[in-house]
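Trainee: Got a structure for you, questions after.
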Amino acid sequence: MPTWTEYIFQRKLGRAPSPGDVVEVVPDLVGFHDLTGYHVLEVLESMGKVEVFDKGRVVVAFDHLSPPPTQRAAEIMVYIRKHVKALGLPNFYDVGGGILHQIILEKYAMPEYVIFAADSHTNTAGAVGAFAHGMGATDIAAALKLGRTWVVVPAPFRVDVRGEFPPGVMGKDVALHLLKQFGAEGFNGYSVEVFVERPKAFPMDDRATVANMSTEMGADALMFIPDEVTADYLQRERGVSYKPPSLEPGRYVDRYEVELQRLEPLVAAPYSVDNVKAAREVEGVEVDQVFIGSCTNGRLSDFEVAARVLKRGRAKARCIAIPASYAVFRRAMELGYIDVLTKAGCVVTYGTCGPCLGGHFGVAGPGEVVVTTSNRNFKGRVGHPDSKVYLANPATAAAAALEGKIVDPRPYLAP
């Protein structure tokens, strides 16, 4: 019987490919953002008449340079807007709309979809069981014009998740645990398929975090096998009915088991995503700035946890909080999370990638220590090359903001 990866490709190709095969696939969705969109459209222009295969299958979002921090960024946005208007693309999200990956997850991604976008964290949509894969500008331009592009069929790797999250542990810690076990290139050439033993114990927001950070693991894709949580999410968020197919277990090149109860809050210390330690091992490291947000941890439950911690007082470190989409921002406001964060001294804004890539809205200075819920911590990632970046879950990040140093977040989540 097929694995989930094989099942998706069989439906697309009408045949069963083997790992390593180079195949042409018709995508269900193609996306790009402001930082990559300029290059995508340049390539599209070089191919002759500027046109797309299906306007309804294209998603464009301004997120990396949003709102534009430089004149050049503003020029890029003007250029992209002109093309979006000329092409008549309906799924366009201008400044304030949110981060591309979150928008795709909220509004468009479906189980069994094949999604290609011009960004490495396209994998995020694997949270709902889509084969979502990042590509370069040339390949995305070809997909936009021709309605198809090539992909190497990855080998399937199975991960079984058992148990429930203990207090203070979140999807980010599952991702960091996998990075510690397999390294930053451990899943190169693999499509990771995650089976959750107790689906309701692993919410969609946490699934999105793990899928997002599979990029850091080298995975071509990471997909949570659709279950009742997937179906509930699609019904609640979009009013779409979905019944997960019943598949017999397929054959995997390897497998690994994660026991959630055995995990604790983790951090990735400078300067590598797989330099993973328990948060308690680095307690006391003084922190200058905290960032809660990004396509990794900018969802509603992330801000609920951050608010639970920061309601205890005013942050001692600079704190920047950025919901990943307008929808998350609005809901966080309605539930009072934004009020708690601003009272704690956090600077809050609409969805932007700015601090994550060291572009704007929170660039780190020389020697500064940053705790962030984003996905990368190599030298210079969030600003000055002499800054130090720790990756953490939202509870750990919020506790670091509150105390001005890294601490174990679990005591701060007690009632």
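Each residue, glycine too, has its Cβ placed from N, Cα and C.
Quick paste from Swiss-Prot:
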type: BINDING; residues: Cys295, Cys353, Cys356; note: [4Fe-4S] cluster binding site
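Thinking about packing and proximity, how do these listed features fit into the structure?
Mentor: Every protein chain considered, the tally of other Cβ atoms within 10 Å of the Cβ of Cys353 ([4Fe-4S] cluster binding site) stands at 30.
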Trainee: Give me the non-local Cβ neighbours of Cys295 ([4Fe-4S] cluster binding site): same chain, 6+ apart in sequence, Cβ-Cβ under 8 Å, ordered along the sequence.
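Mentor: Same-chain residues close to Cys295 ([4Fe-4S] cluster binding site) (Cβ under 8 Å, separated by 6 or more) are Ile99, Leu100, His101, Gln102, His121, Thr124, Asn212, Ala324, Cys353, Cys356, Asn375.
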Trainee: With DSSP assignments reduced to helix, strand and coil, which class does Cys295 ([4Fe-4S] cluster binding site) get?
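Mentor: Note: Cys295 ([4Fe-4S] cluster binding site) is helical by DSSP.
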